[in-house]
């Protein structure tokens, strides 16, 4: 209308034509600005470089679009009204018809927007695909799944660099070609990782470039519609009958220090095994949510069978036993590890936050909780070689079962070397596949001795491995207190400190990191400065 000059007769309102033109040109400018902004945001989203304030830019783009739409419709409506209000014959009827149609359009637009924002439209369109859809199973996908299962990290790196794959719970997802609305750099940061902690808002990216954000159900549906395979299931809870339930009762809360407690859950429908049997079993987690309070979020906590009361007592007796028969050279009755645990064990630290799960569960004993799993990939420990674990505070928890397994490996090797296979096998009733070709260097940062949860595992390893020709563990604890027989430091983790303990010949196959956000942000940068490639650095 602006360029053609085909404006309708204004019937006594010719003075509005100039104002109408000004508003029209203003809207044209806003629409051009909106279009250019959309192009810029698209390139920002597709960029693999870290984007700052992308969320704010996207929201500004969205609300500017709403503003243009609403003002445009309002102007059109009043323009129509001012044009036809003075018509003597059919003008009134035209105005009534116009406002009826206009009102219907606005009402439909509002309803459509509500359905869109709530995800109803997406769920309706994808209703038939809410369950993981059957994948065609290409040869390339099958090969990737095989490499993931067999922990073939070098093959994955060399052959699938351009494939955007990740793990959600136990499902392997292929999102190659899909752009993340928060920026493509997010995909680059989580590529090949288990992402449930990010999906449910448990944490943000370790480098701080993306804050924690609870995703909608639509995001979960999207992931499930791109499943290419599943991880092998490792049984920790064994159903007794077919009528199982994922509801567990919180039976026990035992304080370990001021803010951390042991939690024991019971469910009569399950047996809980006491011992994983291979080094590739460790690292999986349980997904837990309150069944009473839907305000509390879903959270993930690592399996820690080694900290169950039965296993703590057994470990204490086992260490005493092997030390006794080695020093006295006399046989004695070996302690017996129970086959099943009475409770599903988790260790959770208390954090104060609004509607926070850890705060909730510390104050709600005897309630029912929906617990599912265990999910996720194992730590990916190689069959042989050296690995480095760097952790701080509660970051030791995901490794406690692995370290407990290492302690049993040390004890088995002592019994095998000193007394023969029969005595050693008596200490291995569940046929664990102990691997004597692994060496772990563990850096453990703790504020004080009360934070040394798992010391009843770590210290005996250091003590007992003196009876062997080669050590299995080197333990360096960053703490102010001195601990007899243990290497301790007070300096912060730095390049100089790692150089001192790891040396210049960095022939380590993996660097596993778990700890508070500042540590997870700083340690990878230090390792990269030392010349370690990103593919060897893994967050737990």
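Glycine is treated like the rest: Cβ placed from N, Cα and C.
A TrEMBL annotation is a machine prediction, not a hand-curated record.
Here is what TrEMBL says about this protein:
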- 11-80: domain 'Cytochrome b561' (DOMAIN)
- 22-41: transmembrane segment (TRANSMEM)
- 62-83: transmembrane segment (TRANSMEM)
- 95-116: transmembrane segment (TRANSMEM)
- 347, 349, 358: FAD binding site (BINDING)
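In the three-state DSSP classification, residue 349 (FAD binding site) falls within a strand. The C-beta environment of residue 347 (FAD binding site), restricted to residues of the same chain at least 6 apart in sequence and closer than 8 Å, consists of 256, 260, 261, 262, 263, 301, 304, 307, 394, 397, 453. Surrounding the centroid of the Cβ atoms of 347, 349, 358, where the record places FAD, the chain contributes additional residues within 8 Å, namely 259, 260, 261, 301, 348, 350, 351, 394.
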